[in-house]
Amino acid sequence: MDFLMSGLAACGACVFTNPLEVVKTRMQLQGELQAPGTYQRHYRNVFHAFITIGKVDGLAALQKGLAPALLYQFLMNGIRLGTYGLAEAGGYLHTAEGTHSPARSAAAGAMAGVMGAYLGSPIYMVKTHLQAQAASEIAVGHQYKHQGMFQALTEIGQKHGLVGLWRGALGGLPRVIVGSSTQLCTFSSTKDLLSQWEIFPPQSWKLALVAAMMSGIAVVLAMAPFDVACTRLYNQPTDAQGKGLMYRGILDALLQTARTEGIFGMYKGIGASYFRLGPHTILSLFFWDQLRSLYYTDTK
């Protein structure tokens, strides 16, 4: 039941935040491996990107990739939050004094995140391809011509096999390790600290909301460079064997980006990342916490 509640919580958040994921993906691919000032900026900021995409691609384009996004969130977070929830309920994340251990929480969050992200990697790759697809006048990054999630998965599988479907999976793991460990460690530690200070009642929804807000800020700051590199790894063009033509891996993507675009290139789309990851983290953790509270209250 923990896995089902975790997946549903993440899907609930995804419906609201997917347009921000589209904007974030476009901004991360804009000016890829080009020096600042040498390329046309189709998307000047988050709000301009929203208007531009809606005007040129149509309002429906702001929900591009929603199907794979929902499936990925259900698989990835169902496994990640579900596994973490079981570890927490089993007392494995607590010290002898009964308080949360930040180190154990971070380790559990990282391991749970790796399992979910690796299994869901093909879905995330297709999501990235679909969200990057745009009209030629505002296109950024390599443009795949997928018609939908199932067509894309079938085509990639037929051309490149399982290796092609899981291309970039290992490179995407550092992003998830950093993000998941930061998110769950910060969320649990903040909840524990606020409970000790008795700012809110133990089962108050406000406790979960404030902890989720703090977690969202921490995740965005820690995860941004890895998120940019991951988006580019998944979206790069490939040769006949399905091998990426631009980057050899996550480290190469980070180094090339920093060398060509400067340190700020590694934080492209951070505004969109915050507007997306912040609400997504808050909503998914809040829904997860409330669903678990309702379930365990009703089953007592």
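Glycine too: its Cβ is placed from the backbone N, Cα and C atoms.
Feature annotations, reproduced from Swiss-Prot:
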REPEAT    1-90  repeat 'Solcar 1'
REPEAT    100-193  repeat 'Solcar 2'
REPEAT    203-294  repeat 'Solcar 3'
TRANSMEM  38-58  transmembrane segment
TRANSMEM  59-79  transmembrane segment
TRANSMEM  91-119  transmembrane segment
TRANSMEM  169-190  transmembrane segment
TRANSMEM  205-225  transmembrane segment
TRANSMEM  277-300  transmembrane segment
> So what's the average pLDDT for the repeat 'Solcar 2' (100-193)?
Replying inline: 90
>> Please list the DSSP helix, strand and coil residue counts for the repeat 'Solcar 3' (203-294).
In response: 73 helix, 2 strand, 17 coil
> What are the helix, strand and coil residue counts for the repeat 'Solcar 1' (1-90) according to DSSP?
Replying inline: 68 helix, 0 strand, 22 coil
